[in-house]
Amino acid sequence: MKRFFKPIEKEGSSKKAALSPSLKDGDDSEASVSDKKEPLKFITWNANSLLLRVKNDWSEFTKFVTNFDPDVIAIQEVRIPAAGSKGASKNQGELKDDTSTSREEKQMLMRALSSPPFANYRVWWSLSDSKYAGTALFIKKCFQPKKVFFNLDRIASKHEVDGRVILAEFEEFRLLNTYSPNNGWKEEENSFKRRRKWDKRMLEFVIQSSDKPLIWCGDLNVSHEDIDVSHPEFFSAAKLNGYIPPNKEDCGQPGFTLAERKRFSAILKEGKLIDAYRFLHKEKEMERGFSWSGNPIGKYRGKRMRIDYFLASESLVDRIVSCEMHGQGIELQGFYGSDHCPVSLELSEASSCPESQKS
């Protein structure tokens with residue numbers, strides 16, 4: 001049974017500020033020194049429980065972040081409950097800390113995030129009611145977003161169900177971090193229908209957001225083409241307990257059904273978005289070309305999918321320097337304990353040359 005209690009106020013302001021940073025904080029003596037006008041280096045990672053990663057794999061992930069030195073880190077599936085008492089609305093922007101266990105977990109997480117290199121970042125949270133789903137966005141303190149929303153409608157203070165969205169608006173572009181719902185195996189309210197509704201909203205969002213370039217990252221829970229899975233025939237024929245959906249286009253591995261892939265194609269086309277990794281990597285790469293890997297034991301051993309992305313508006317295509325997956329192999333090297341590996345994107349700086357002067 002899920003249990004929630006009224007959160008206890010914590011003394012001191014530093015930890016609270018780290019949890020819910022104010023966009024009005026103009027003076028920050030700890031902000032990193034940078035001559036860049038906007039973020040250029042990004043990481044996205046489905047951590048599959050951020051707290052578990054802190055407990056077991058943090059030193060290696062810390063080395064990775066230190067070496068790559070991203071301006072932004074987008075995390076999905078943080079699996080940290082939101083603050084709020086039982087039966088009341090939850091504060092999806094704050095970590096639960098009203099039981100001895102939740103306080104210990106919060107303190108452990110805050111210690112990890114207050115140490116280098118993570119102390120150089122502000123953190124925004126969008127959390128679920130329980131240890132499920134949720135997203136986090138780390139932005140270097142020297143890059144102050146104009147606005148941060150937690151929903152696709154851009155309504156202040158509203159969060160998406162399960163904390164699946166964080167949207168940061170910068171001067172030159174918008175950055176969207178999402179944890180897209182899994183399609184599931186059956187035609188149920190929390191499965192196929194939920195995913196179809198999500199895809200419809202995403203299509204509407206990318207069309208309505210065409211006034212400014214978009215960088216969309218996260219676990220999008222879809223593999224677009226055959227090249228994006230290690231074993232297309234296996235995933236196309238996959239079943240759960242022998243169940244076959246009534247619609248043929250819903251058959252197969254969640255994330256690789258024909259229906260999902262068609263909807264994803266429409267989102268890319270109508271939103272004028274480029275898949276940054278596939279733009280740079282045209283061929284199938286069996287060792288480092290997938291972001292999710294099945295359990296090393298059982299029928300999913302060696303079965304891998306690319307379901308974590310950086311999508312960018314076509315207007316940004318000339319600025320894409322690199323987009324890489326940082327895990328490899330069946331034994332999940334570079335996954336840091338998760339079943340997903342980090343994916344990075346690097347952009348070049350925007351040209352200061354006016355459009356009229358470009359040849």
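Note: Cβ is positioned from N, Cα and C throughout, glycine not excepted.
TrEMBL labels come from automatic prediction, so no person has curated them.
Remember, predicted model here, so these are calculated numbers, not experimental data.
The feature region 'Disordered', as given by TrEMBL for the ranges 1-34, 171-204, sits at 1-34. Shown in sequence order, SER180, PRO181, ASN182, ASN183, ARG195, PRO254, GLY255, ILE307 are the residues of the chain, 6+ apart in sequence, with a C-beta less than 8 angstroms from the C-beta of ASN221 (Mg(2+) binding site). The two recorded residues, ASP308 (site 'Important for catalytic activity') and GLU77 (Mg(2+) binding site), have Cα atoms 12 Å apart. The Cβ of ASP339 (Mg(2+) binding site) has ASN46, ASN48, TRP292, SER293, GLY294, ASN295, LEU332 as same-chain neighbours under 8 Å, each 6 or more residues away in sequence.
A Cα-Cα distance of 11 Å separates HIS340 (active site, proton acceptor) from GLU77 (Mg(2+) binding site).
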